[in-house]
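Notes to accompany the following structure.
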């Protein structure tokens with residue numbers, strides 16, 4: 001491929017006393033119960049972030065730049081002199097009047113403002129690990145279109161989930177693209193989507209309205225120009241999201257930009273077996289073996305809300321990642 005591809009990853013150290021004090025100034029009226037989308041667990045750092053960088057260096061050495069987006073934080077072990085690394089503070093991409101923010105939605109909605117970011121980039125949450133070699137063609141087509149697997153799928157109305165954001169995203173999408181246009185452009189019935197996704201789409205293709213898109217929870221190949229375009233068309237809504245210090249049911253999220261690619265047909269179909277979503281809630285020996293096996297190229301390992309023995313699970317998680325990625329990366333200080 002004759003174009004650069006950058007990686008972008010967001011990270012927060014929820015144990016940082018300065019950050020916690022700043023957050024406490026604003027969250028007095030916010031629900032911080034165990035399962036709240038604004039709870040302490042939403043910001044917890046398991047101490048595994050260095051393995052994200054090790055995975056990138058080992059399994060995606062072709063990446064152009066790695067942009068780490070944080071709130072004036074960096075891991076103690078991070079070598080900021082690495083020529084591939086650029087640390088980006090929130091104030092560099094978000095309007096100052098909206099800061100500080102403690103939600104992913106405003107941060108992820110402003111990634112296109114990163115100075116120097118390539119047109120084609122892949123956005124990672126810090127729980128999305130490369131666990132086997134990946135190539136540029138896993139994320140983009142030869143002509144630069146992002147690759148996704150998707151399907152028609154209803155939005156799940158989960159209390160502390162993402163359903164509200166998806167509804168807001170789809171409200172925008174369906175105001176610009178008709179049902180017929182989405183069905184025509186979406187490539188939902190292409191065999192490359194995989195049997196499970198095709199079956200999902202068949203179940204919902206006769207619905208009167210587009211009910212939503214299935215989400216893989218894997219890294220997001222995105223186009224900076226598409227983010228610019230959606231911002232141009234929906235500036236007021238995206239500014240409202242940008243001003244949300246905490247996750248709010250009225251927010252949009254980063255999937256909006258992915259959905260735009262799908263609804264417009266400006267995407268290519270990816271490998272349905274590239275990766276998977278997993279939870280630490282039920283982590284046991286089978287999961288640790290799977291993580292270390294290389295069966296999947298990418299594994300999104302979700303923290304979950306019901307980890308039974310957190311200390312033991314954290315220990316096993318780190319031990320397994322250490323077995324998979326034992327060598328320090330050039331992103332780590334010697």
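From the backbone N, Cα and C atoms, a Cβ is placed for every residue, glycine too.
Nobody curates TrEMBL annotations by hand; they come from automatic prediction.
According to TrEMBL, the features are:
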- 3-29: domain 'Stealth protein CR1 conserved region 1' (DOMAIN)
- 43-146: domain 'Stealth protein CR2 conserved region 2' (DOMAIN)
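Below 8 angstroms of C-beta separation, residues 38, 40, 43-45, 49, 52, 56, 60, 62-71, 73, 75, 100, 102, 104, 107-108, 111, 114, 117-126, 136, 139-140, 144, 245-246 of the same chain, each at least six residues beyond the ends of the domain 'Stealth protein CR1 conserved region 1' (3-29), sit close to that stretch.
Model confidence over the domain 'Stealth protein CR2 conserved region 2' (43-146) is summarised by a mean pLDDT of 96.
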